[in-house]
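Engineer: These came from TrEMBL, pasted as-is:
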{"type": "BINDING", "residues": "Lys268, Asp273, Asp291, Glu352", "note": "Mn(2+) 2 binding site"}
{"type": "BINDING", "residues": "Asp273, Asp350, Glu352", "note": "Mn(2+) 1 binding site"}
{"type": "ACT_SITE", "residues": "Lys280", "note": "active site"}
{"type": "DOMAIN", "residues": "348-355", "note": "domain 'Cytosol aminopeptidase'"}
{"type": "ACT_SITE", "residues": "Arg354", "note": "active site"}
Amino acid sequence: MKISVKFGTIKTEDAEILVFYLYEGMKIMDKSLAYCDKALHNSISELIKKKEFIARLNKTIALPTYGKIPAKRILLVGLGKKKEATLDKIRQAAGTTVSIVRDMGISEGVVVVMSSIDISASLSEECQAYVEGARLALYKYHRYKYIPPEEQQELTTLTLFLSNGDAAKTVRNAVTCGQIIADAVSFTRDLINTPSQDKTPVILADYAVKIAKEYGMQCKVISLPELKKLGMGGLVGVSLGSVQSPKFIILDYNARAKNQDTLVFIGKGITFDSGGICLKQAKDMDQMKSDMSGAAAVMGAIMALSKMKAPQRIVGLMPCTENMPGGSAMKPGDIVKFYSGKTAEVVNTDAEGRLILADALAYAENYHPQAVIDLATLTGSCVVALGTVVTGMMGNNEELKKRVQIAGEKSWERVWELPLWEEYQEQIKSDIADIKNVGGPHGGAITAACFLSKFAEKYPWVHLDIAGTAWCEKNGAYTQKGASGVGVRLLVQLVRDWAKFPGKNSL
Ligand code: BES
Ligand code: MN
Ligand code: ZN
């Protein structure tokens, strides 16, 4: 869908459909809508007065205009209560709008009157959120499914209509950013929704090489012989049970600006998690193709940031492998030695994410980063603790946690902190190795982070457990059953706001 921006007055717009937004319990405030109402003999205000249309969030009603104005139809979309308005409700309302309009069989001539969305955010934030919601709502994963032509109804163009006084340049820029972000999220969703057979570590590495070429980044892929030489025993160990060879993918976006900060993003890239020798049960095991959601989010975020020409150096580290129970698989009781030199007793082969992340976290030191953030579908325990609404956050630096928390609020990919206190470290002590990879039945999300913290001692670090947020059980206003693409918007927001905080080494 192409999104264009237009400035002027709607009086002469001969659109297929004019879209307005309304707040619950409020009269018509928008001048353009008041004009249409008058032209239609107050039929819109009557609807509202008689409560035939209540502007609850995502509620809609379409009206014909019978030639009273050049536009053929009017669509009213609810935004809910004005005092509860957020940018995410704009995303949702945008998603609802495009889905409804598409299902009405309209493919172009949709004109959205932006002045009717009036919340306390800036116009550019509103436009960006609108574009994100609209684009993401139309996301589909149909790579393997035949869709009959009559069901291939697509909305091809959408016009954001603004009043003449609005700053054209900022608005256009916001629309472009929204598109870049939505494209990156869609890319990430595609990778996650792809079956494991078609996204082996080798295939993911090929994607990364392609992206790097396209967007002018460096890409390095470390393969098995070198992984062994480097001593990445975690990644190598997890890969032993699979016939697919592991890859450690490095995407390096380097703006080469003066005094730039270096940020490292690490993504868990388990392309299928069977549990290994500690095999998972069959129920919902198919969902474990999504155990590379962290890596996919990192790839998507870096792609977006390179398109936006972020002034920082951003390095993505993506350790990728399957976790399978093959004949040469790692066994419970085995000990692995990581890139840092530390050792861990593998009590449970299903706690594999922390093993591959340990190598990546240790490797991150080579970049002398100002901050490191890892994203991982790490523990079922995090889902038990926080559900599927919010991402679990743990880390070793208050300022960085604060920044991530703020970026989470802004992007509406919110995070909630769990404590990473000393006392929990007890649980991962081992008798025969430096640590063990499971901390017992209690506080599993936290003890997993404790494990990671042993490899992230040299820099400010935040760990995001996205096990609950990476996958949607059902459709939402701008999400579909399947991959959510969580993390992309959060990371992009974090980097875009990075410079607003005090400079280098400020953490
Ligand atoms: N990938 C899983 C975590 C997961 C579970 C992600 C559900 C998404 C949805 C991870 O590798 C895992 O298996 N974790 C174990 C750890 C346990 C063995 C200590 C878990 O959470 O059960
Ligand atoms: Mn596992
Ligand atoms: Zn896993």
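Cβ atoms here come from the backbone N, Cα and C positions, even for glycine.
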Engineer: So of Asp291, Asp350, which of the binding-site residues has the fewest other Cβ atoms within 10 Å around its own Cβ?
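Structural biologist: Candidates: the binding-site residues Asp291, Asp350. Fewest Cβ atoms within 10 Å: Asp350.
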Engineer: When you average the Cβ positions of Lys268, Asp273, Asp291, Glu352 for the Mn(2+) 2 site, which other residues in that chain have a Cβ within 8 Å of that mean position?
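Structural biologist: Result: Gly269, Ile270, Met288, Met292, Asn323, Gly353, Ile356, Ala376, Thr377, Leu378.
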Engineer: How big is the Cα-to-Cα gap, in Å, between Asp273 (Mn(2+) 2 binding site) and Arg354 (active site)?
Structural biologist: 13
Engineer: Please report the DSSP secondary structure of Asp291 (Mn(2+) 2 binding site), reduced to three states.
Structural biologist: helix
Engineer: Listed recorded positions: Lys268, Lys280, Asp350, Arg354. Which have a CB under 6 angstroms from an atom of ligand 3?
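Structural biologist: The recorded positions passing the 6 Å Cβ test: none.
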Engineer: Just the number: how many Å between the Cα atoms of Asp350 (Mn(2+) 1 binding site) and Asp291 (Mn(2+) 2 binding site)?
Structural biologist: 12
Engineer: Which one, from the recorded positions Lys268, Lys280, Arg354, has the smallest tally of other C-beta atoms lying within 10 Å of its C-beta?
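Structural biologist: Comparing Cβ neighbour counts within 10 Å for the recorded positions Lys268, Lys280, Arg354 gives Lys280.
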Engineer: For ligand 1, list the recorded positions among Lys268, Lys280, Arg354 whose CB atom is within a distance below 6 Å of it, in sequence order.
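Structural biologist: None, as no Cβ falls under 6 Å.
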Engineer: I'd like the per-state residue tally for the domain 'Cytosol aminopeptidase' (348-355) from DSSP, helix first, then strand, then coil.
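Structural biologist: So the domain 'Cytosol aminopeptidase' (348-355) is made up of 3 helix, 0 strand, 5 coil.
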Engineer: Check the recorded positions Lys268, Lys280, Asp291, Asp350, Arg354 for any whose Cβ is under 6 angstroms from an atom of ligand 2, and report them in sequence order.
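Structural biologist: Once distances to ligand 2 are taken from each Cβ, Asp350 fall under 6 Å.
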